[in-house]
Amino acid sequence: MNPNQKIITIGSVSLGLVVLNILLHIVSITITVLVLPGNGNNGSCNETVIREYNETVRIEKIIQWHNTNVIEYIERPESDHFMNNTEPLCDAKGFAPFSKDNGIRIGSRGHVFVIREPFVSCSPTECRTFFLTQGSLLNDKHSNGTVKDRSPYRTLMSVEIGQSPNVYQARFEAVAWSATACHDGKKWMTIGVTGPDAKAVAVVHYGGIPTDVINSWAGDILRTQESSCTCIQGECYWVMTDGPANRQAQYRAFKAKQGKIIGQTEISFNGGHIEECSCYPNEGKVECVCRDNWTGTNRPVLVISSDLSYRVGYLCAGLPSDTPRGEDSQFTGSCTSPMGNQGYGVKGFGFRQGNDVWMGRTISRTSRSGFEILKVRNGWIQNSKEQIKRQVVVDNLNWSGYSGSFTLPVELTRRNCLVPCFWVEMIRGKPEEKTIWTSSSSIVMCGVDHEIADWSWHDGAILPFDIDKM
């Protein structure tokens, strides 16, 4: 065979193989398209797969076709009923750790927001940590000066409980330098206060959409709870203050349904001062333990009924729970009047347990350091000093801050009572430490049927950060 014949032969064989390959592909495609879908067993060619993710529940409809996945994101189905929340509080013998975010430790090298005023609130399916950001990250130049309470950069955001307030998992809720949030069983309601001191506005969001507003009525820093509002049978309640922080101000309780305000009442409290209430549902009413920033070192108590009638006074216990405060031995409690003659204060909480009361407070009498929770026999109704339980959460060598209450709904726990829980903010940076910023992390505790040993779940970040050394 001469060279020309060899070339022709090789070319013919190659062309034949190419034609055969094309025919095989045509047959394969024909069988796939026309035969397989009609055999009653689609396999993985066309199916819906439901996947649950830890951070939220997300339904994915995945259509698999010729090795190509088409993913369609479908909104999470809404609950079709409101939470009841008329059950009594569960009796708690102690408080066990629920979560700790370690946000400042992580933020030394991670993308974590500068925050203050964290709080927790729960839906029928999850608990979330809400917080007020400063529009800046830890260890960044924009964190300078974040000791300031009110600015146009502050926003309310949230993450699933236990997560750090990081940029990748945080969800925007509202523009706010003061806020509250709660879930009625169907959707989240958030309230964010923002704007100038003399004309601040509170914007109500329901399901992420603005639905109503409250304008400042006294023209002096309209503000709200900095902790969870309270929903009972579809109606949600919260408390707001407008007026001076160091003398008589004005106070109102509000009620909303599905994000629309359906009622409000003026709280008459001459000689008393109410700010930053920590509220929870108990036997169909809203019970709040608040902050007196004017004179009292005992805490105001506000009990709100469904018709917005109320009872207001002070926590009766013969032990003070605000900071700063005097010696326990020198304090005389009162159910009706501010006692202790100490200005300023810090957000705190208490839980009624029958006639007894669990009340949280800093361990230090003069600064926001350490944290303990005490159970006082008959402290809800009498000037009792009988301390029957004490649990340390943060030792007095470490900084604490605000604290507040929330409950675990029966939909989460499958119990016939509401589990009392609280969180403790641990403030780091200015004004106590040599940094250019102020931020915080938190520890969350929930009531259990056992006594829990003392320990210190403190913040633990090593300061200063790199940005503070520049």
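Note that Cβ sites are derived from N, Cα and C of the backbone, with glycine treated the same way.
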| request: From the candidates ASP307, ASP322, give the one listed by Swiss-Prot for the same Ca(2+) site as ASP292, GLY296. | output: ASP322
| task | Could you tell me which of CYS229, CYS236 is bonded to CYS231 by a disulfide, according to Swiss-Prot? | result | CYS236
| field | Second cysteine of the disulfide that Swiss-Prot assigns to CYS421, among CYS335, CYS446 | value | CYS446
| query | Cα within 10 Å of ARG116 (substrate binding site): which of the recorded positions ASN144, ASN398, TYR402 qualify? | reply | TYR402
| field | Spatial neighbours of ASN293 (N-linked glycosylation site), counting only the recorded positions ARG150, GLU275, ARG368, TYR402 and Cα distances within 10 Å | value | GLU275
| If you measure every Cα to Cα distance among ARG116, ARG150, GLU275, GLU276, ARG291, ARG368, the residues said to bind substrate, what is the biggest one in Å? | 21
| request: Check each residue in the chain of ARG368 (substrate binding site) that is at least six apart in sequence and keep those whose C-beta is under 8 Å from its C-beta; list them in sequence order. | output: THR323, VAL346, THR362, TRP399, SER400, GLY401, ILE427
| field | Pairwise CA distance, ASN84 (N-linked glycosylation site) versus GLU276 (substrate binding site), rounded so that it is a whole Å | value | 25
| query | For ASN398 (N-linked glycosylation site), which DSSP three-state class applies? | reply | strand
| According to DSSP, which kind of secondary structure is ARG116 (substrate binding site) found in, if we only use helix, strand and coil? | strand
| note | For TYR402 (active site, nucleophile) and ARG150 (substrate binding site), the CA-to-CA distance in whole Å is 17
